[in-house]
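Novice: Below you will find the structure I want to go over with you.
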């Protein structure tokens, strides 16, 4: 504590030289307006004198050179760690942080004016912005014991108000004797004088002299605790706290950003100083906490100052201790080229199989590299990977998403059937106290630089259009209540959906199974389809896995080791023959990997955060990896070449590059290798196969969008009926049918199969080697209509 005793090591003992005292007396009203006069023997004055001596030393010249000039507002960023060895300063900051910071500002004011040959009145008040202050405190621990203390909290900006002027000081004039009274408003709380202090005048009426008002910029923000923190508690509403920003701190953050706020904890009672009646007796003893911000640090400030970690897409001030860095180094050295398999099986080990699906989600967690994110002259290219898992109920899709949100350094999990459009993107809310409109961030904005997991994706068809911009342009534009803005939403989207009707129908396209537009589906880099196929061998091994998961005898033979004894099934039972290379390499062997132990969640989160923050792989041109990706893309274009257009576009090539960069990030490499490209091609092939295969097992790239064969058959039969009425005949040759299919742009790979299916259904009848009669034509007077499905 800063007491009345002499300072140890302080030059000059208790005395204060006349020059310092005169200088402090001149600037004192600027920093302590509530004090009527400068007291040289006061605690704050002696602290300021000590700080003048400290900052006058040559070691402090570098610190004072950092004074920032933002118009008429001056500020000095001070690293707390540089002052931590000075006990008397840390004790003063702990006992009365407001007084200590103001005294420090007054001392810096004197030194800056002396070093720049300026008069004390030539510059305005200097604000001390203390950062890097001790360990952050969780919002749940912020209670009454911290009132008037200096603390540091971290969270996501949930809401930002408009900037308004706050009155700090105002003169009032008595209506009776015309005497003027200066009035200082502590903490901005407006409190006019009660009665005139002049002898003999008892007037209670005063006129505010608005021209004498001393103002400063004021803004409120609300921050929410980080959902993926290790101290996060499930089953409760995330805690929030309001922070007051003043002067140079206003407009330093936007909704969705992760910020570290250092400030003083204060209390406020909404019913204080309010006239009688019910409001005076209601909740009179209840207060709520808020922060008076001293400094705000966020990724935008770091990126603007040239910090490469922020520019590379870090997860917002993830701290790495020496033990963390040592673990990452040893983990990479121990597993070598097997890191990907180790991380993949550490992710959601309770789900059996689905290695390639887990591989795709793992790559989405690491993400690619965003290009041109800072250069204003170039269009940014997203590096986040989007994936959707479609399949029958009960295959573990929701567990995969919850596991992804849990291990992500910044992950948000939402359910589609309880999510609104505004809750997913951004809402405009009205402040009850100021009647102003402000933005309130939704899930996509809160997950900025992270991952957003959306379950029950098929239940939110009305909100699909809101995701189109957020998934490709990585931002959310809003124009509501007279507010027009664009908020960052640089997030990976992981979605899980059940098909319409509860069971995936191979005869329908992915769009028809999900009721999803082709524009939204094309934005997903990976589309995985999980089918519940009856398989005696697979069912036996899945049941063994589930029983092993639930049977823990309490001995060293834990459930985790018991799971390893379950033999992994052959890929041909799930994925088909001929596509087993990557899946077989990723699969755990029951004998070789019997001692496998998954990586704990906190360590996996640290590894992912480090990779995303410090590893920025690139793909060189020319290189074997680039040539391999380009060749695969060109082969896809050739295979999907058709007259009605193709779903294989440049987006697939960009997806391949993003996946290859993510694969290199897993191994902490700065260069994409040929092996990375091969593994990514295997994953992309699996995704395309699932998306484009039909009910007969035939791969048709046009089936990723558009209509299924059933709807194409309906369209073709309708055209045949129209031709019967126009040409007054009901028999057509195959050549005429081919010409008709071309005219109506029928999107089928095999017209003969369509004709054969219509013949088998009885809608057309074969009359010769290549002649067919239309049975449902109105030309024959038939009243039959197309009613079959």
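The chain as shown is numbered from 1 upward.
For all residues, glycine too, the Cβ spot is worked out from N, Cα and C.
The feature zinc finger is assigned by Swiss-Prot to 174-201, with sequence analysis given as support. Positions annotated as domain 'MCM' by Swiss-Prot: 339-546. According to Swiss-Prot, the feature ATP binding site maps to 391, 392, 393, 394, 395, 396, 397, 398, an assignment based on similarity to another entry. Annotation comment: Swiss-Prot describes 522-525 as motif 'Arginine finger'.
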Novice: Which three-state DSSP class does residue 395 (ATP binding site) fall into?
Specialist: coil
Novice: In the structure shown, with every protein chain counted, which of the binding-site residues 395, 397 has the densest set of Cβ atoms within 10 angstroms of its Cβ?
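Specialist: The residue with the densest Cβ neighbourhood is 397.
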Novice: Along the zinc finger (174-201), what average pLDDT does this model show?
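Specialist: So the average pLDDT across the zinc finger (174-201) works out to 78.
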Novice: Counting Cβ atoms within 10 Å of each candidate's own Cβ, which of the binding-site residues 391, 393, 394 comes out highest?
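Specialist: Within the set of binding-site residues, the most crowded position is 391.
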Novice: List every residue in the same chain as residue 396 (ATP binding site), at least 6 positions away in sequence, whose Cβ is under 8 Å from its Cβ.
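Specialist: Residues satisfying the criterion: 348, 350, 351, 354.
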Novice: With helix taken as DSSP H, G or I, strand as E or B and everything else coil, how many residues of the zinc finger (174-201) land in each class?
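Specialist: The composition, in the requested order, is 3 helix, 6 strand, 19 coil.
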Novice: For residue 398 (ATP binding site), which residues of its chain lie six or more apart in sequence with Cβ-Cβ distance below 8 Å?
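Specialist: Set apart from residue 398 (ATP binding site) by at least 6 residues yet with Cβ under 8 Å, we have 455, 496.
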